[in-house]
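Annotated in TrEMBL:
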TRANSMEM  20-40  transmembrane segment
TRANSMEM  52-74  transmembrane segment
TRANSMEM  81-98  transmembrane segment
TRANSMEM  118-135  transmembrane segment
TRANSMEM  142-160  transmembrane segment
TRANSMEM  180-199  transmembrane segment
Amino acid sequence: MGMSDLSQRRRGIVTLRAAATLLSLGGTGFMISVLLGWALDVDPLVRGAPGQHATVPTTALALAFLYLSLLLSLHRRRGPALLLAVLSAGVGAATLFSDPAGGAGALAGQTGDRMAPGTLAGILLAVLCVVLQLSKAPLARQWAVGLGVLGASSTAAVLAGHSFDPHSTFSLALFRETSLQTAIGLLGLYALVLLVALARAERR
């Protein structure tokens, strides 16, 4: 491999890492804005439109943990990355099974806001992608990429074909309580899974 090829490869790695870092920080900031929306009672920050379901606080927290986990994975911080991924899974599972309102309290109870089963599935799939990316097992990273593509394509299909109006006939039952913000957050998360995988593959 010539010097020009090496230089071009280094530029490619730098570009991928920069894009992954920006997406991670942007996704984390997006989820923090949802949390601020609940704290400050700014409805447009938590739901796409009046009458639609909102992203509950624990969904935003779980997604923020995953964005940060992938950033740490990019920088080979295996322990903290795994810890955040496990925390994300724990928050999601605990919310669905013990606190359906997602920590949003009485307001969420009145509006019907809660974590959808499809949202939890998306979070757990992303957690699995993180764990596989950090694994030293043969083919683990290839599985992470495959599952990342599955997650991204499934989320894109939900964005394209699902109505976020819970009263619409085009509202899919599995994602009925999923908000527009949650779907965008998940799509960005799976895009980040793929960017991190590409960046780490280029470094090898």
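Heads up, the Cβ atoms here are built off N, Cα and C, so glycines get one too.
For the transmembrane segment (20-40), the residues of the chain that approach it from at least six positions outside its boundaries are 46, 55, 57, 60-61, 63-64, 67-68, 70-71, 74, 104, 181, 184-185, 188-189, 191-192, 195-196, 199, judged by C-beta separation under 8 angstroms. Same-chain residues lying 6+ beyond the ends of the transmembrane segment (52-74) with a Cβ under 8 Å from its Cβ atoms: 17, 20-21, 23-25, 27-28, 31-32, 34-35, 38, 43, 46, 80-82, 84-85, 87-89, 91-92, 94-95, 99, 101-104, 108, 111-116, 119, 123, 126-127, 130, 133-134, 164-166, 176-182, 185-186, 188-189, 192-193, 196, 199-200. Distant neighbours of the transmembrane segment (180-199): 13, 16-17, 19-20, 23-24, 26-27, 30-31, 34, 45-49, 52, 54-55, 59-60, 63, 66-67, 70, 73-74, 116, 119, 122-123, 126, 129-130, 133, 141, 144-145, 147-149, 151-152, 155-156, 158-159, 162, 164; these residues of the same chain sit at least 6 beyond its ends, with a Cβ under 8 Å from one of its Cβ atoms.
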